[in-house]
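In what follows, a structure is listed as structure tokens, so that the remarks can point back to it.
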Ligand SMILES: NC(=O)c1ccc[n+]([C@@H]2O[C@H](COP(=O)([O-])OP(=O)(O)OC[C@H]3O[C@@H](n4cnc5c(N)ncnc54)[C@H](O)[C@@H]3O)[C@@H](O)[C@H]2O)c1
Ligand SMILES: N[C@H](CO)Cc1c[nH]c[nH+]1
Ligand SMILES: [Zn+2]
């Protein structure tokens, strides 16, 4: 049963939520650190050991062969293939708008050239979840922006199924979106392989993609040694609804994210107690009818909640404080309200934009920051696969004109070597 939290207890709920965000990661660091270290030292041997332990399969060759990809194209449902192609088109069109050009300019009247160069990251590793469900949509969401950025080598990892294979839709999505190599490994061990390299898996410069708490914690741990996109852990949905919203739709949308993981978090904020009670009943009714009811129930009972705010203004303040991965605005004035949202991974407007529209199809990226990191992180984008390098040119005249300022600054910092690098030049 979902918790209904009244106004006087909301601040305790928010405090608990924030503590739990940190605690969830602290709880797995010991396991994750051990896995990272074992893979760093024992490489493929450790990868195979963990794949047997966590995915229940003995893997001989970690890399997916061209024959397996060919087979995937022959077994995939033709209608699903068409859907993947349509989604690919939408995701491509959306992300093409993010492509950057770089720039160069000469300050007026000066013989100076300044600029910003854009270069793709040469090797990117993308993580595609495959534990409780397999995610071909995540292949598209990661590989397409990488490809648009111009990444030369895209290495994909994903956990194998019990038969040692990767689902055909994942292989087809990877092939259609230009992934170069695919490896059958997931979890923290897969992240370690991408970060440190093994005999089979090349080390990459940046790792992107979502995953469960073990994957997200591993990315956090290797960050700095290798680039990461963000913390994209167990899914979250926050729904802000007014008293006119449809309780059945709200419950269904909360369930849509709860079914990802026992650790997923689905929260409703409304000022209407009557709506809250209807949603609670709807949740009970709908959960029973669904295949993944066990996961959903755990997620809703342990991480779900309905908060009763005193006004719509408080609903929005709380949404900004929670900074959810997904925010649905089920209110009649959603086109006004979204302008007050400062912290959210993605915003869904109105009752005909349920969150799965974004998960699969609309075009914006579904790899999004969780655990309140939307306060400082953004949706995955082409920017995650590029680097910016500054370009600076001063002519002799330009240096002569500015030398006193530069020397003065250097001497103030006590860095006479810096000052000397300017003074030594014959101007
Ligand atoms: N934030 C986002 O953008 C976003 C997008 C899609 C999915 N997700 C999330 O991705 C996750 C997918 O999770 P999943 O589990 O289905 O797949 P996954 O691929 O992320 O994780 C499966 C792997 O976890 C490891 N693992 C499982 N139990 C373990 C244990 N006890 N100790 C050590 N390692 C263990 C195993 O190696 C296994 O292969 C969900 O939490 C979902 O909500 C988030
Ligand atoms: N909702 C997930 C992001 O939290 C993305 C996804 C993929 N497939 C289904 N859903
Ligand atoms: Zn989803």
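Here the Cβ of each residue, glycine as well, is placed from N, Cα and C on the backbone.
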Note: TrEMBL has 235, 257, 260, 326, 413, 418 binding substrate, and from 284, 359, 383, 384 that site also includes 359
Sorting the binding-site residues 127, 212, 235, 359 by sequence and keeping only those with a Cβ under 6 Å from ligand 2 gives 235, 359
Near ligand 3 by the Cβ criterion (under 6 Å), the recorded positions from 127, 189, 212, 326, 418 are none
Checking the binding-site residues 212, 235, 260, 413, 418 against ligand 1, those whose Cβ falls under 6 Å of one of its atoms come out as 212, 235, 260
One should report the C-alpha separation between residue 260 (substrate binding site) and residue 189 (NAD(+) binding site), rounded to whole angstrom, as 21
Residues lining the NAD(+) site besides 127, 189, 212 (CB within 8 A of their CB center) are 129, 131, 157, 159, 186, 187, 188, 190, 191, 211, 214, 215, 218
